[in-house]
Amino acid sequence: MRALLSLSRLARRLPASLAGVAAVRAPAPVLLRHLHADGSPPPPQAPPPFVSRVLESDPSLNPGEEPQPSSDPALDEFLARFVAAFRPLLTAAFPDHDRPVLDEMLRLVADAVMCRLTGADPGPDAVDLSDELWAAVWEVSASVRDGMRRDQVRADLRHYLHCDEVKEMTRFAVDVGIRGAMLRELRFKWAREKLEEVEFYRGLDKMRAEATADPAPAPVPRLTALPQRKGEVKFSMYGLDMSDPKWAEVAERTAEAEAHFVPAEAKAVEGKAKKAEGMLLSVDPRKGDPVPAMEEWKEELRPKRVDWLALLERVKTRNVELYLKVAEALLAEESFDANIRDYSKLIDLHAKANHVDSAERILAKMKEKGIVPDILTFITLVHMYSKAGNLEKAKEAFEFIRKEGFKPDLKLFGSMINCYINHGEPVQAETLIKSMSNMSIKPTREMYTDVMRAFAQRGMSDAAHRIYSTMTFAGIQPTPELVTLRIESYGRTGDFENACSVFEQMRKSGHEPDDSSISAVMAAYMKKNQFDRALDWLLKLEKEGIKPGLKTNLVLLDWLSMLQLVLEAEQLVQKIKKLGEEPIEVHVFLADMYAKSRHEEKARRSLKILEEKKKLLKVDQFERVIKGLLDGGFSEEANKYYKMMKSCGFEPSETTEVGVKARFGVRGGLRPTGRHRG
């Protein structure tokens, strides 16, 4: 506001009539000295009439005259808004001045702004405004310009809200159920987009007009004869010689590629073709044959590849099994033009469904047609054969991938590692883990755990310890499960000293020992038949508040049954029953113990329970029951469980088979004498 005080210098240029009026109504002598500093005032005269576009644009500044037509409406609107916005600033700066004085000040400021905007000569009587005053003027001008822009945008939006395109989209939105505030926002959004589009083309028209406004170039002289040309016509584009014949071949190949990649529209299925498609969809994939319906559909529609693909999508939506059968039949169809992706996709679907025979059949058809399987197909085969347990074929596909220079990913390595483990070759799985480290692929914790579990189950304690060290060196922190696997590996070899040592290390590291780790230590003691030391160690744990669980009790029951401690074993069985459900291993141990100790009635009770749950029995459990029956002289029961073992799909060991055949030479078997009935 301080910048506006410099307007007091403008009073020297005021007409005498306005100065006289100001002298009468403004008692402050300071203003009078500014207005009459050069001498006595001249006699009052009528001020010469002046014409100002500012006063024309503001009726309040010139109420006695009729408004003149404006030659530039935008400029007149700007001046009118500028006067309306600048007047309150003058009024606040000079509260003691009359309106005519303020009007004259405003006219002088507006004329200076007018000259600056239009570039006109201000004349000798023009007033020079200070820099501070110009800063205030430009600030007001910027706000006026922004206001005009906002009003113009609002007016345009109101116009385009009622254009045909916005109305049509609004009707569509109403038809689909859009109402209320969301519909209002969409209308304004569409109107704004229409406005932006119009402004864009308006800018292009302006640029075109500016370009055509340039002086016309000199006319090109007219040729009267063509020049003589030697050689072939040559032209270049982006530095390339496009007259070379090779570009014609490139254009042809590009057109062929576009025919494959640009999707075409499928034909409409109507009439007899639709009826044939209905017959195809109703075919039972397990009993029926879809080929006759496909032939009828083909004869009626004359399809191309895009039509066959559309049919496959519809079949897949209805029945996946039928889709697999139809897709396989289409591989031999000429109009379908099957490529390598069709074969690999079908092989992948069969592999995910564990249809190994079907996948191999598709692969054989692929090779018969002369299509060489690619890397993606071999990756699918590795996963399929690994899941099916076919190690040889999985290795063959995996080696092909590596020979082709393709770097297997983590998932591919994981499939091969699991295949080696399931096939009983954990050493080869460990070799794969080492090769992963050499290829800068970090094995996961799950991979290490699976390999270590395989070593532990086979009693390969050194290999398990090696995997444990490798994993720790790779920065993977050991978990209680891994420590338990180490203890289990020592337990299977009977190394109870190392088992106890690892057990104590686990406790010192802050991990609470679980039932699995305790049972593994007990198994190590049992392997070396250190019964007294095992009981002392177990009693020590109970004093420290660590109670054995189900697994530990099962190991102890197994031990007691082998030692033929019937009473102690029965007491332990009662303790196990109190913990919850009775595992099937309990009756395996009891049947073996009762048969060897010749407690016939008790043995038959356990055998009856095992017969009811025969599907849960494993190979080693069948072997143990049969061996116990043979040792106790129950030849008929041994032969019965021998046949039961074979019916469950297990192959008996040579020792068991020889023992059963030797003992069952006499009908009825050997009956033990003096056996207990209780």
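From the backbone N, Cα and C atoms, a Cβ is placed for every residue, glycine too.
Among the features that TrEMBL reports, coiled coil is placed at 562-620.
If you look up TrEMBL, you'll see 40-50 marked as compositional bias 'Pro residues'.
Annotation source TrEMBL lists region 'Disordered' at 35-73.
The annotation repeat 'PPR' is assigned in TrEMBL to 339-373 (among others). If one looks beyond the repeat 'PPR' (339-373) by at least 6 residues along the same chain, the residues whose Cβ comes under 8 Å of a Cβ in the stretch are 324, 327-328, 330-332, 380-381, 383-385, 387-388, 390.
Feature annotation from TrEMBL assigns repeat 'PPR' to 374-408 (among others). Within the chain carrying the repeat 'PPR' (374-408), a Cβ under 8 angstroms from the stretch's Cβ atoms is held by residues 340, 343-344, 347-348, 350-351, 354, 356, 359, 363, 366, 415-416, 418-420, 422-423, 425, 439, all 6 or more beyond its ends.
Sequence-distant contacts of the repeat 'PPR' (409-443) (same chain, six or more residues past either end, CB-CB distance under 8 Å): 379, 382-383, 385-387, 389, 391, 394-395, 398, 401, 450-451, 454-455, 458, 460, 463, 466-467, 470, 474. The annotation repeat 'PPR' is assigned in TrEMBL to 409-443 (among others).
Note on the repeat 'PPR' (444-478): residues 410, 413-414, 417-418, 421, 426-427, 429-430, 433, 437, 485-486, 488-490, 492-493, 495, 498 of its chain, located 6 or more positions outside it, place their CB under 8 angstroms from a CB of the stretch. The annotation repeat 'PPR' is assigned in TrEMBL to 444-478 (among others).
Averaged across the repeat 'PPR' (479-513), pLDDT in this predicted model comes to 89. The repeat 'PPR' feature in TrEMBL is assigned to 479-513 (among others).
In terms of DSSP helix, strand and coil, the repeat 'PPR' (514-548) has 26 helix, 0 strand, 9 coil. Residues annotated as repeat 'PPR' in TrEMBL: 514-548 (among others).
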